[in-house]
């Protein structure tokens with residue numbers, strides 16, 4: 001009970017204390033409000049007093065100037081240190097005007113020095129003054145900036161001071177910089193990566209990400225390092241007189257590049273060439289086996305790049321059998337097709353890190369079991385096939401998506417008895433059904449893939465040795481020459497044919513060795529090229545001459561030239577030899593680029609050739625009769 005009563009008493013005391021605090025606070029608030037009201041009342045007459053006093057001072061000054069003194073004592077007696085003045089702070093403050101003049105009242109000094117009474121002439125009572133401490137505050141004048149077209153320049157003294165300061169500061173900077181660099185060096189030393197172990201290094205080197213990066217980056221670096229620019233080239237043409245001989249030679253045939261790789265192509269025979277339809281600078285070459293390197297793969301296909309001056313192939317592909325033919329998949333820019341000596345068709349993909357084929361055909365009776373010298377992709381973007389023919393006369397049609405079995409196969413047999421040993425094949429321009437083939441027996445055959453007369457239809461005789469190359473006319477123009485084709489043979493000749501006549505139209509007999517390959521220009525109707533076993537490249541323009549080549553060049557070392565291939569533009573020829581080298585020749589503009597009348601001129605040339613052939617046949621018949 002006693003605890004409860006004490007608690008109640010304590011609460012009562014606290015309540016009383018709170019009530020007292022509230023009352024005192026309320027009383028102080030009322031006093032403050034009263035003082036504010038009084039100050040507001042006094043503020044208005046002060047302004048009037050100040051105006052009145054100002055006028056009075058002016059009057060006194062006027063009287064003094066006239067020699068009349070005022071009643072007010074000019075110099076009051078000094079106040080004693082003990083004198084005290086009582087007054088309102090607000091009134092004391094109001095006496096200080098803005099310009100530092102005295103207040104607006106007349107002062108009357110009392111005889112008693114201890115007190116000073118201020119009597120207001122306006123009828124106010126005496127005010128007590130008190131000593132106050134004044135705080136002096138300086139306000140800088142407002143800066144006025146005027147934006148005019150005048151030139152504002154600082155004084156030279158300020159500039160010199162700033163320059164002196166700038167000259168003095170760098171002297172102290174090196175020490176501070178060295179101090180800052182020390183901790184940074186410590187941080188760099190601490191952030192150094194740890195030393196990799198041999199196992200970790202091997203793991204990184206064999207990772208797929210590193211292989212992709214290394215393969216891609218080395219190609220780019222190699223291209224950059226291989227570029228050569230002629231910094232002395234003169235665009236004004238002043239040096240053309242000196243180069244006149246070179247320019248004349250350039251109008252015919254001039255060596256541009258030579259591709260050879262010590263490991264992959266040296267001591268190998270170039271068996272086939274093909275330019276990429278999508279990337280005109282890429283050239284694929286297939287190679288036979290290297291007898292001096294039995295541990296290397298027998299078959300190699302290299303993709304060379306004409307765009308960059310590097311000496312190594314862009315891609316290296318290989319397989320376990322010698323590659324006898326190769327071609328870019330016409331509608332697949334990443335695929336390369338190869339025909340091998342074992343009879344397999346292989347497919348490489350440059351998107352894969354593998355150098356070995358991503359697909360291959362089986363070695364079975366359903367596919368090829370003899371060397372494949374002919375592969376070609378025919379058709380359109382949405383409907384195309386890979387056509388391959390082996391030396392046993394078997395033709396297969398494949399889908400590039402599935403090489404496990406052919407879509408169609410056919411035995412090329414003449415008159416149901418004689419199997420054709422095909423060595424070369426060519427399709428006319430724009431035709432995917434009819435084609436011509438050359439054989440080991442020296443005969444040429446026309447054939448078709450489909451229809452009532454599928455297979456071999458006609459035989460053309462004229463060569464006295466195996467046919468090494470055959471090519472149909474491909475230059476498109478106002479006149480259709482797709483019925484014409486050329487053949488090259490071991491009998492040292494090149495022959496011109498028409499599928500409308502089973503006898504050759506003309507025989508070009510300027511060579512003195514095996515002629516290994518022949519090909520029409522893709523842009524000029526009357527121009528073709530051929531290569532022989534003595535290392536000679538010949539260009540024939542039938543509109544100019546049919547007896548001797550228009551241009552001819554011999555390769556250094558006179559290696560046997562096995563294959564040639566025109567570029568799509570008709571301005572370059574790629575030639576492969578028996579030593580694994582590929583020579584790129586530039587064809588001069590005067591030869592390579594056809595004029596507008598070349599097609600009509602070639603028609604007249606063919607008419608003359610036919611007339612001469614008929615005359616020769618009549619003459620031969622007369623001699624036989626005699």
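The backbone N, Cα and C atoms fix where each Cβ goes, and this holds for glycine too.
Since we're looking at a predicted model, the values are computed, not measured.
As recorded in Swiss-Prot:
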type: COMPBIAS; residues: 20-43; note: compositional bias 'Basic and acidic residues'
type: COMPBIAS; residues: 82-99; note: compositional bias 'Polar residues'
type: COMPBIAS; residues: 160-169; note: compositional bias 'Acidic residues'
type: COMPBIAS; residues: 177-197; note: compositional bias 'Basic and acidic residues'
type: REGION; residues: 20-108; note: region 'Disordered'
type: REGION; residues: 142-197; note: region 'Disordered'
type: REPEAT; residues: 265-314; note: repeat 'WD 1'
type: REPEAT; residues: 318-358; note: repeat 'WD 2'
type: REPEAT; residues: 367-408; note: repeat 'WD 3'
type: REPEAT; residues: 417-457; note: repeat 'WD 4'
type: REPEAT; residues: 462-507; note: repeat 'WD 5'
type: REPEAT; residues: 510-550; note: repeat 'WD 6'
type: REPEAT; residues: 556-595; note: repeat 'WD 7'
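Long-range neighbours of the repeat 'WD 3' (367-408) within the same chain, counting only residues 6 or more positions beyond its ends whose Cβ lies under 8 Å from a Cβ of the stretch, are 324-332, 335, 337-345, 347, 359-361, 419-425, 427, 432, 435, 437, 440, 447, 449. As a whole-number mean, the pLDDT of the repeat 'WD 5' (462-507) in this prediction is 92. For the compositional bias 'Basic and acidic residues' (20-43), residue counts in helix, strand and coil come to 24 helix, 0 strand, 0 coil, using DSSP. Here the repeat 'WD 5' (462-507) is broken down by DSSP into helix, strand and coil counts: 0 helix, 24 strand, 22 coil.
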